[in-house]
Amino acid sequence: MPQPTKALSRKPSRVSLRIESERKISSNSSISPIVQVTITVIDEEKTESKMSEITGEMIESKSSNKSEIFNPLLSIKKFFRFLLHEILGENFKITDLLQKIVAFARAQAYVLTLFIMMAWSLTFHSWLTFALLAASCVVWMSPNPQQFCFKVAPIVALYATFLLGLQFVYSLNLTQKELPDENPPYLRQFGMEKPRDRAPFADLCLKCLFTSIIFLSIKQKIVELKKKSKEDEMMLESGERKALLESQQEEKGKEKVKKSTMIEKIRKFLADHWVLFTMFLILLISLQAPVVLYRLLYMAFFQTFLVLFQISFPTWRRGLYAFWMSMIIYCMAVVTLIYTFQFHGVPDFYARYLSNDVIHSFGLERISSGQLLIKLLTPISFLIFSLIQVNFFHERLMSRTEKWEQIIFDKKPQLSRIFAELHAQSEMRMDFFRQHFAMVQSLMKREQEEEEAKAKVMAQEGEHKEHQDMKTKVKVYLNKIEKKVERMVNKRNQYAEILWRIIEMHVERAICGLMMYVAITEISATNLPMVFFISLVFSKEHLFNTLSPFLAVWTSALVMCKMFYQMDAFKEEFFEVSCDSEYVNGTYNSMAWSGLNKTPRLASLLWPYILLSVAFAARTVIWLRMTMHRKNKKEAPPLHGIIFSKINRRKADKSLAKCLQYLANYFFYKFGFEVCCVLSVITIGLRCDLYAVFYASFLIVCLCIERQQVARIWPHYRTTLAVLLSIQYIFCVGIPKVFCLE
């Protein structure tokens with residue numbers, strides 16, 4: 001009998017025929033979304049065939065040579081090879097990955113050049129390198145930074161070569177008489193300094209690396225000029241030749257369309273969440289100690305972003321680009337001020353017009369070169385994050401938020417856009433029918449080839465019975481796994497929707513609870529609006545949407561005032577009041593009544609207020625998400641307090657799960673009065689004062705009358721509790737110490 005391996009080598013297997021047919025299908029033109037689903041199923045079959053082929057090879061090798069010991073390292077190697085092919089593509093190679101990385105670096109050569117210019121100026125502090133920093137800032141601020149960078153790239157390259165030559169000259173072993181760098185003193189300010197802390201070749205190697213990257217942008221400029229000249233030549237050719245070239249380019253572009261890989265998913269994730277990373281970074285920068293003016297303005301930008309997002313989503317979206325550009329300009333100004341303040345004579349210039357405390361409050365101080373790099377790291381890092389957001393992710397964010405605005409606020413697109421969308425949809429349908437027809441033909445051919453291959457395989461069934469059984473088992477297991485994964489995904493989506501609904505119901509109560517926590521932990525007059533807000537919302541729930549923007553603005557103002565009071569320019573001695581009366585005797589800080597106190601731990605003082613601002617913004621995010629979800633599915637908003645809208649009293653008796661769902665919907669509706677009575681008893685036992693007598697009197701009245709009568713007087717009781725809450729907090733705040741009254 002012939003060996004199985006020889007039989008497989010003579011005739012093509014079903015796996016090879018399937019892969020060849022898949023390659024034929026993938027060589028077609030651009031594919032519509034529905035056809036992509038079909039190809040996705042085929043790709044899954046291809047994955048199953050690859051796994052079964054690996055399993056078959058292991059069985060065949062085991063059956064052909066039973067004496068050979070099984071090598072687990074070989075199986076692990078095959079598994080990881082299969083995993084890499086699934087993540088990075090079928091035809092993945094290390095050389096292709098390196099070529100893609102190099103091509104991406106060339107395409108973004110201007111970004112690397114600008115970053116190198118900034119890194120050069122930070123690494124080597126001088127007036128000559130400050131020119132590179134200023135030039136990079138000017139290029140970033142231009143409307144088209146890529147084209148402007150390519151225009152100035154030759155000048156920057158010549159300037160970098162000049163700095164490299166100057167560094168080489170000052171790296172020579174020459175004496176002070178031959179090449180001075182100490183007298184006059186301004187030579188070091190211009191970078192004309194001999195290396196003292198490290199070997200000369202280290203600075204030369206680093207500057208050579210910087211210069212080579214700057215020359216990369218010149219090369220990219222030449223490549224684009226050649227490409228443009230070729231396009232101009234194509235425009236001058238005949239119309240037939242032009243149409244032929246355009247059709248070839250379209251075919252090449254369609255061939256480049258591949259399925260999304262893990263790298264693309266990561267890039268999409270970064271594009272969607274980069275704005276959150278940027279906001280988190282600006283929050284970390286603004287909370288650093290000590291408090292200075294430029295960090296205070298960072299916090300102002302952060303609060304403006306959150307408050308404007310909550311007040312008006314369309315206005316926030318329209319002003320987003322102006323916000324990022326303002327942030328970039330401000331970061332560049334901060335870096336420039338800190339950078340230039342280290343030069344000789346600049347601190348004396350500022351001291352002529354401002355006092356030392358004011359200068360220090362601005363965040364300007366003389367530090368060493370190593371400390372300068374660390375201090376500039378935070379504004380530079382935020383500048384880089386902002387530039388990445390504007391140049392790479394802003395358009396995607398605007399396109400996504402445009403859909404939200406159209407769906408939620410019912411903003412219809414313009415007439416031209418409607419016609420363009422209709423035209424695009426008609427073209428898409430025509431492409432779909434063409435591609436579907438080609439796909440049907442290829443699938444019919446594939447089925448015919450599979451039948452022929454099946455007939456050939458049936459002839460060899462006795463020889464490959466063990467291989468076919470294993471292959472069938474793997475396919476059955478994969479089908480079971482696929483079904484289980486699909487069920488898990490559906491369950492996860494259901495649980496996610498339930499969780500979103502629970503958060504939507506209780507987010508307002510969570511905000512009120514957080515406000516009460518802030519008011520209790522720091523009893524001051526500035527927290528009185530929060531207590532008033534809680535009192536009004538508990539008595540009139542519909543006022544939350546109306547009053548929440550004002551509370552968000554007030555919270556942001558409190559954060560700014562508390563940070564402003566921490567600056568060194570404000571001394572506590574200015575606000576101290578001495579009292580010598582029969583009621584109050586001593587020295588007191590008059591600003592403490594307003595909640596303004598000096599503290600060495602700024603983050604612990606501000607985190608409740610910042611968390612409250614974030615909670616207001618999160619409530620807006622939840623509202624946007626749920627509104628868009630319901631409008632996409634054309635669902636009506638559920639009733640107030642209802643989580644499971646399909647559960648009623650009849651279904652509650654069918655199972656324990658449905659009973660729990662019914663209780664989740666109507667528990668407080670059924671037993672809310674009893675819960676309030678229990679809490680009233682607990683409050684009476686804890687207080688034991690005049691207010692407790694009032695609570696006990698009302699509780700006795702409620703227990704003696706019927707439920708309908710309780711429902712009539714309950715709104716008045718709730719209003720009374722809200723008024724009493726405000727009065728008690730006012731008594732706790734007391735009278736300002738400036739009046740010297742107790």
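Every residue, even glycine, has its Cβ placed from backbone N, Cα and C.
Given the structure is predicted, the values throughout are model-derived calculations rather than measurements.
Segment annotation: TrEMBL labels transmembrane segment over residues 372-393 (candidates 108-129, 372-393, 548-569). Counted as Cβ pairs under 8 Å, contacts with the transmembrane segment (719-739) are highest for 514-538 among 320-341, 514-538, 659-684. Same-chain neighbours of the transmembrane segment (514-538): 508, 544, 547, 551, 554, 558, 561, 592-595, 608-609, 611-612, 615, 718, 721-723, 725-726, 729-730, 732-733, 736, counting only residues six or more beyond its ends whose CB sits under 8 Å from a CB of the stretch.
Listed as Cβ neighbours of the transmembrane segment (269-287) (distance under 8 Å, sequence separation of 6 or more from its ends, same chain) are residues 295-296, 298-299, 301-302, 305, 327, 378-379, 381-382, 385-386, 388-389, 392-393, 396-397, 400, 563, 602-603, 606, 610. If one looks beyond the transmembrane segment (372-393) by at least 6 residues along the same chain, the residues whose Cβ comes under 8 Å of a Cβ in the stretch are 111, 115, 118, 122-123, 125, 140, 145, 270-271, 274-275, 277-278, 281-282, 285, 288, 294, 298, 321, 324-325, 327-328, 331-332, 334-335, 338-339, 342.
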